[in-house]
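Q: Just lifted these from Swiss-Prot, have a look:
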- Asp249: active site, proton acceptor (ACT_SITE)
- Gly88, Gly90, Arg91, Lys110, Asp122, Gly123, Arg173, Arg180, Asp259: ATP binding site (BINDING)
- Asn250, Asp259: Mg(2+) binding site (BINDING)
Amino acid sequence: MLEHLKFDNSFDKLGSDFATRVNPRPLVNPKLVCVDSKTCELLGISKDSVSSENGVNMFSGNRVPPQFAPLAMVYAGHQFGGYSSQLGDGRGLLLGELNTHSGKYDLHLKGAGKTPYSRFGDGYAVLRSCIREYLAGIAMRGLGIPTSHALCVVRGDNAVTRETIEPAATLTRVARSHIRFGSFEYFYYTQQHTQLEQLADYAVEQYIPEYVDKDGRFNALLHYTTEQTAKLIAAWQAVGFCHGVMNTDNMSIIGETLDYGPYGFMEAYNPTHICNHSDTYGRYAYDQQPSIGLWNLNALAAALSPLIDRDQARASLESYEGILTKEYNSRMTKKLGFLSAKQGDAKLINTMFIQLEQLQLDYTLFFRLLALAKADDLQSSFIQPLLGCDNIAKGEQLAAWAAEYLTRRQLEDVPQATITADMNHHNPIYCLRNYFAQQAIDEAYQQGTYSTLEKLAAVLAAPFTSHPNASEFETPPPSELANIAVSCSS
């Protein structure tokens, strides 16, 4: 079945200024780790075909069918605020673009070996980082947040040196685009303005085709990216997601979450939470993500400056905050069960965040329990499950806030049971805590089995519904294991 996939390798047609043809370096003795059935459905292929010997060989670099056109894409980027003039795909290859019933998707092989852009790297990916990206794509899709996906993970017998010796692996990423803000920066800063325009025209054709050959199409591209980025980061903030490395080379031109490295979902609420322990100064802390999104868009606008009208570009960038705020407020009111705006809502929500921070409440658990809170039994329905029996005394102010909140919620002209049900569709039971991801990784490394990975992936795929025999993923880890910061090592 994989032999009959329809590829349209349009990026390859742009030429050698944009990417370099490279064949993947095969994994030694490849073995399948996992396959995501939802991504198979997205692509219109069977899970069995991916799991077959032929599929494992294709997605481990051991077999390159004629439909593939493996490319290492060139790009640059601002990393932690400093410009890096040439980055590019140092260990990943765009295998091709697959036409499906739901649109065109890139297939990208992470861990494909050295490329001209590897610099001092070995081009491999480790199993740990591939498992983390696999789970992240499933989790974000389950939450309804634009994201890349992972089709499968394959491990090999190759040993890779990071902080320790780890097994090599490949991950087949599926995304609507791998064009990054840094793709445009590369051509701008090298003064290759002809290629810059070619890339911009290509992006217009692929993602906003209604503007092809029209005046102002490049301003339309900037506005489109601004809008999609604002909505994406609003969604991150609403679920407590921290990306960790919001460099411009990790920002998708179409506003999908891309390049899952040292990410983390916030556990105990802390607006200044840092998930990447290499982020010494907190540039990419949770509360900085909205402003960094705008910073990155300004960098993109600078890269597009030879092609765009400055006043229109300024207007697009100035629209960012309003778009983000509107999207964030929409998501938060759904989490709170508010169907309409009322006077006093802003103060009520502000007090809520103060309580969350002061009591270090678990962000995901708080909102899920809030849907179940009952005015006539606040202690047992909300306070005790949230704080635990030993900490109820600390919840006096929280109980007062919850009573005020429930009074406000009752102003909605629908039955409370309906509101509770709706809140449960917007507040997940399960979130991808780094502690859980590490359990899956430990089992894979120590035992060579993947039962925790499979079970965790299943609950993350449908996070708003209770899963039998998965209660271990419903509650936060011990406090000393919460909010684990991880590194960029992968």
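Our numbering is plain: 1 for the first residue shown, then up by one each step along the chain.
From the backbone N, Cα and C atoms, a Cβ is placed for every residue, glycine too.
Looking at the shown structure, can you explain where the listed features end up?
A: All protein chains considered, the CB of Asp249 (active site, proton acceptor) has 22 other CB atoms within 10 Å.
Taking all protein chains in view, 27 other C-beta atoms sit within 10 angstroms of the C-beta of Arg173 (ATP binding site). According to its DSSP assignment, Arg173 (ATP binding site) is in a strand.
Secondary structure at Asp259 (ATP binding site), taken from DSSP and collapsed to helix, strand or coil, is coil. Neighbour density for Asp259 (ATP binding site): within 10 A of its CB lie 23 other CB atoms from the protein chains shown.
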Q: Fill in the CA-CA distance, Arg173 (ATP binding site) to Asn250 (Mg(2+) binding site), as an integer in Å.
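A: Cα to Cα, Arg173 (ATP binding site) and Asn250 (Mg(2+) binding site) are separated by 14 Å.
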Q: Express the distance between the Cα positions of Asn250 (Mg(2+) binding site) and Asp122 (ATP binding site) as a whole number of Å.
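A: That comes out at 20 Å between the alpha carbons.
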Q: If you draw a 10 Å sphere on the Cβ of Arg91 (ATP binding site), how many other Cβ atoms land inside?
A: 22
